[in-house]
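Asker: This is the structure I have questions about; it appears just below.
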Amino acid sequence: MVSFKLPAFLCVAVLSSMALVSHGAVLGLCEGACPEGWVEHKNRCYLHVAEKKTWLDAELNCLHHGGNLASEHSEDEHQFLKDLHKGSDDPFWIGLSAVHEGRSWLWSDGTSASAEGDFSMWNPGEPNDAGGKEDCVHDNYGGQKHWNDIKCDLLFPSICVLRMVE
């Protein structure tokens, strides 16, 4: 198998011309700087999307750009996303949901959030699945500005992530 990487300017062209990208299909081809408008942090590129969307529409928007809604696997990532959210106190979508069969918490990039020892940043008393209809998660909520489970059809800004290859 032949292995190659596209320079950053071609990577941007490829990602921006794709309607939907299967998980990670193009990311392995990209090297160097993040696409224009994205911010690099620890070998990942992040895009703050100010337009308010439902959780599903936010995820589809991230897929359109070749990524997923952002996942948080450390305190550092959690703080970085909050800082990237333009210093706003408003909540924003992250890639955590229980919308799939089995209803355990999974990140939209396929990584688990339910196993013992996994990083979590739930507000006290969360997740509470109020009314049995809270299957998606937004960050920067409540007094502590952490995670909250909420209805997926509400509208919030979001943050997308692309994983880069070294």
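Heads up, residue numbers simply count up from 1 along the chain you see.
Backbone N, Cα and C define each Cβ position, glycine as well.
Annotated disulfide bond per Swiss-Prot: Cys34-Cys45, Cys62-Cys160, Cys136-Cys152, in sequence order. Feature annotation from Swiss-Prot assigns domain 'C-type lectin' to 41-161; the stated evidence is sequence analysis. Swiss-Prot lists 1-24 with the feature signal peptide.
If you look at the structure here, what lies around each of the features I listed?
Answerer: The local packing around Cys45 (disulfide bond), expressed as other Cβ atoms within 10 Å of its Cβ over all shown chains, amounts to 24.
Look at Cys62 (disulfide bond): DSSP puts it in a helix. Taking a C-beta cut-off of under 8 Å and a sequence gap of six or more, Cys62 (disulfide bond) has these contacts in its own chain: Leu47, Val49, Asn68, Leu69, Gly95, Ser108, Ser158, Cys160, Val161.
For the recorded site, Cys136 (disulfide bond), the DSSP three-state label reads strand.
For the domain 'C-type lectin' (41-161), the model gives a mean pLDDT of 91.
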Asker: Would you mind pulling the DSSP three-state label for Cys152 (disulfide bond)?
Answerer: coil
Asker: So how many other Cβ atoms are close to Cys152 (disulfide bond), meaning within 10 Å of its Cβ?
Answerer: 20
Asker: Can you grab the distance from Cys136 (disulfide bond) over to Cys45 (disulfide bond)? Cα atoms, rounded to a whole Å.
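Answerer: A Cα-Cα distance of 23 Å.
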Asker: So which one is it: of the disulfide-bonded residues Cys34, Cys136, Cys160, which has the fewest other Cβ atoms within 10 Å?
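Answerer: It is Cys34 that, of the disulfide-bonded residues Cys34, Cys136, Cys160, has the fewest other Cβ atoms within 10 Å.
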